[in-house]
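Pulled from Swiss-Prot, these are the features on record:
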- 18-86: DNA-binding region (DNA_BIND)
- 100-120: compositional bias 'Basic and acidic residues' (COMPBIAS)
- 131-143: compositional bias 'Basic and acidic residues' (COMPBIAS)
- ALA70: blocked amino end (Ala) (MOD_RES)
- 1-22: region 'Disordered' (REGION)
- 100-143: region 'Disordered' (REGION)
Amino acid sequence: MSKAASQYATLEDLPSKPKRPQTGFFIYKSEVFAKRRTECPTLKVPEIVSKISEEYKALPEKEKQKYEEAYRKEKATYDKQNDQWKEKYGDIEKSLKDQAKKALKEKTKKSKAAEKELEKSKKKAPAAAPAKKDDKKAPAKKK
């Protein structure tokens, strides 16, 4: 493992990957959601989102294009950042995933071996004989 890789012991230690950009619909939704919520305070969130979805579908193509263009710009930035992340940390991530997979296999193997051993010991140990009741009756009392 390289010197850079040695500072990352687990996948959680790696810097987080860039987040994917929001689609045109989600950009639109984030712009109008608060307004729709105040217009219809009795509606539940899924109902509001459903209405926003219908609105977005009904938007003229020219207006939709504005949101799609914003998405494409964010996507280009994301792709660039993601490529840089993969170039810098991709091999380290793969190595750490492989290590985690091997560790899990080993743990599973040990667990199964312990399970088999337990089954063997149960079969070898004789079952405890049930306690016998004393058939003798209590002696009769003398008068």
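Each residue, glycine too, has its Cβ placed from N, Cα and C.
Each residue of the DNA-binding region (18-86) gets a DSSP state, and the totals for helix, strand and coil are 56 helix, 0 strand, 13 coil. Regional average pLDDT for the DNA-binding region (18-86) in the model is 95.
Taking H, G and I as helix, E and B as strand and the rest as coil, DSSP gives the compositional bias 'Basic and acidic residues' (100-120) the counts 21 helix, 0 strand, 0 coil.
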